[in-house]
C-alpha cells in the first residue's frame with residue numbers, strides 16, 4: 001500500500017520515490033514482519049536543510065542532480081515526511097543482538113536508524129536507511145539522534161570508500177538542523193541517508209539464535225539466500241554455503257581495509273555486514289604515520305580493534321556468525337550425528353578465511369609494490385618495508401604512492417619517498433633491495449608507475465580533512481564538504497590543483513580524537 005503524495009507535500013520524482021518506499025515487495029527485509037522489526041515514524045527534525053548530497057548515489061535511485069534543492073527533499077530525508085505515512089508503511093527499526101568489544105551484549109537493534117524501504121532502479125534494488133532519525137524501541141539510553149560531525153564523516157567516508165573500490169554502504173545525503181543535541185558538549189542534530197542492498201548484520205543471526213527462534217533464524221537466512229546468494233540454494237547444505245559466502249566476502253573486505261590503512265574502530269558483531277560491506281562509520285580512521293598497533297577509536301583502550309587486529313577480529317566475528325547458524329546446519333546428516341557434523345562443517349568453512357585472506361593480501365602487496373611476478377622473497381620484502389615504516393612512523397598513503405617514483409636503474413627518484421623516513425640509512429638499505437627486486441621485472445618504470453598509481457591512492461579521508469570540512473559546516477559553509485567529496489571521488493588521480501589534500505597532516509591534527517560518541 002502507498003500513501004497519497006499530496007498528503008506529504010511531495011511531487012514528481014520525490015513522490016515516485018516515496019511511493020516505492022512505502023510499497024514493500026514480498027522479498028524485502030521489511031516483509032519479514034514484526035518479529036524482525038518495529039515500525040514507527042521518525043522523530044521531528046526542526047527546519048531541516050541539505051548539508052551534503054551525492055549525485056552519484058542519487059542516480060542509483062533514479063534521482064537527478066538538483067532534486068536536493070526541492071524543499072521537500074530535506075523533509076523526506078530528515079524523516080519528517082514519514083510522519084504522514086500510513087501505519088503499515090512506516091519506517092522500521094530492526095532488532096539484533098551481538099558481541100561488543102568481545103563481550104555478549106544481548107539485545108541491541110537499530111537505536112537511531114530507521115529503514116525507509118526499498119527502491120528498484122536500473123535492475124538493482126537498494127534499501128534506504130536514516131541514521132539519526134530519533135528514538136526507537138532499541139535505543140536503550142540513547143536519544144536516537146546523530147550529530148553533524150559524525151554524519152559528515154559517514155557521508156564522506158562512505159563515498160570515499162566506494163571510489164577506493166572497497167565494498168561499502170553508500171550515502172545519499174546529510175540533512176542538518178539547528179536542533180540541539182547533547183554529547184560531551186551541545187552539538188546540532190543531523191540525519192545521514194544510507195543506501196545499500198541490505199543492512200542485515202551478523203548480529204541479526206545471533207539474536208534469533210540466542211532467543212532460540214529457529215523459525216525466525218531460518219526465515220532470515222532464506223531471505224538473504226534468495227535475495228543475494230541464490231546459488232546457495234543448490235548446495236548440499238544451503239546454510240553452510242551462506243556461511244561460506246560470508247567468510248569469503250569478509251576476508252576480501254579485510255584485504256581491502258588493510259591495503260589502504262583503514263581502521264574501522266568498532267568491529268562488534270552487530271557492525272558486520274552479511275554481504276561483506278563496510279557499515280557503521282563511527283570512530284574510523286585512515287592511518288597517517290604507519291603504526292601496526294594504530295587505534296583509531298579513543299574508546300578502545302585495550303586496542304581490540306587496532307589496525308593489526310582487524311583480520312583476526314573478523315575471523316572471531318565469523319565464528320559468532322557460525323554459532324548463530326548452527327541450528328540450521330547439518331540437515332543432510334542423520335539426527336544422531338547432526339550436531340557434531342554441523343560443528344565440523346562450520347569449522348571447515350571457517351578455516352577457509354585464512355586460505356582466502358593470506359594469499360589475497362600477498363597479491364595486493366605485490367601490486368602495491370609494482371611487482372608483476374612472484375618471487376620467494378616478496379613477502380619478506382614487504383614485511384621489512386612495514387617494519388621500517390613503523391619505526392619511522394612514515395606516512396602510509398604517501399609512502400606507497402611515492403614508491404612509484406623509485407627507478408629500478410638508479411636512485412634518482414628516491415627522494416619523494418625517502419624524505420618520509422627519519423632513519424634514511426634504514427630506508428636506503430630497504431630501497432636498494434627493492435631496486436634489485438625491480439630489476440628482475442621486465443616492465444619498465446613508467447608502466448610500473450602507472451600500475452602502482454592505480455592501486456595506491458593519493459587521496460584518502462584523513463581526519464584533519466574531515467575536521468576542516470566539519471568546522472566550516474558548523475558555520476553553515478558546506479562548500480568544503482562538497483569540495484572534499486569531489487576530491488575523494490578521484491583518489492587515484494593526480495589532481496594537481498588539489499595537492500593540499502594529499503599532504504602530510506598539520507601539527508594540530510595530532511590532537512584530534514574520535515570515539516564512539518556520535
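Numbering starts at 1 and runs along the chain as it is shown here.
Glycine too: its Cβ is placed from the backbone N, Cα and C atoms.
Feature list (source: Swiss-Prot):
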- 270: active site, proton acceptor (ACT_SITE)
- 109, 111, 112, 131, 143, 144, 194, 201, 280: ATP binding site (BINDING)
- 271, 280: Mg(2+) binding site (BINDING)
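Feature annotations (Swiss-Prot) mapped to structure.
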| residue | record | DSSP (3 states) |
| --- | --- | --- |
| 109 | ATP binding site | coil |
| 143 | ATP binding site | coil |
| 194 | ATP binding site | strand |
| 270 | active site, proton acceptor | helix |
| 280 | ATP binding site | coil |
Alpha-carbon spacing, residue 271 (Mg(2+) binding site) to residue 280 (ATP binding site), which is rounded to whole Å:
6
Calculate the distance in Å between the alpha carbons (Cα) of residue 143 (ATP binding site) and the residue listed as 'active site, proton acceptor', and round it to a whole number.
19
From the Cα of residue 270 (active site, proton acceptor) across to the Cα of residue 280 (ATP binding site), what is the distance in angstrom?
9
How many other Cβ atoms sit within 10 Å of the Cβ of residue 271 (Mg(2+) binding site)?
22
Counting across all protein chains present, how many other Cβ atoms fall within 10 Å of the Cβ of residue 143 (ATP binding site)?
16
How many Å separate the Cα atoms of residue 194 (ATP binding site) and the residue listed as 'active site, proton acceptor'?
16
Looking only at Cβ atoms, how many others are within 10 Å of the one on residue 112 (ATP binding site)?
22
How many Å separate the two farthest-apart Cα atoms among the ATP-binding residues 109, 111, 112, 131, 143, 144, 194, 201, 280?
22
Only counting partners 6 or more residues apart, tell me which same-chain residues put their Cβ under 8 Å from the Cβ of the residue listed as 'active site, proton acceptor'.
96, 97, 98, 99, 100, 105, 108, 201, 202, 203, 206
Most Cβ neighbours within 10 Å: which of the binding-site residues 109, 194, 280 is it?
194
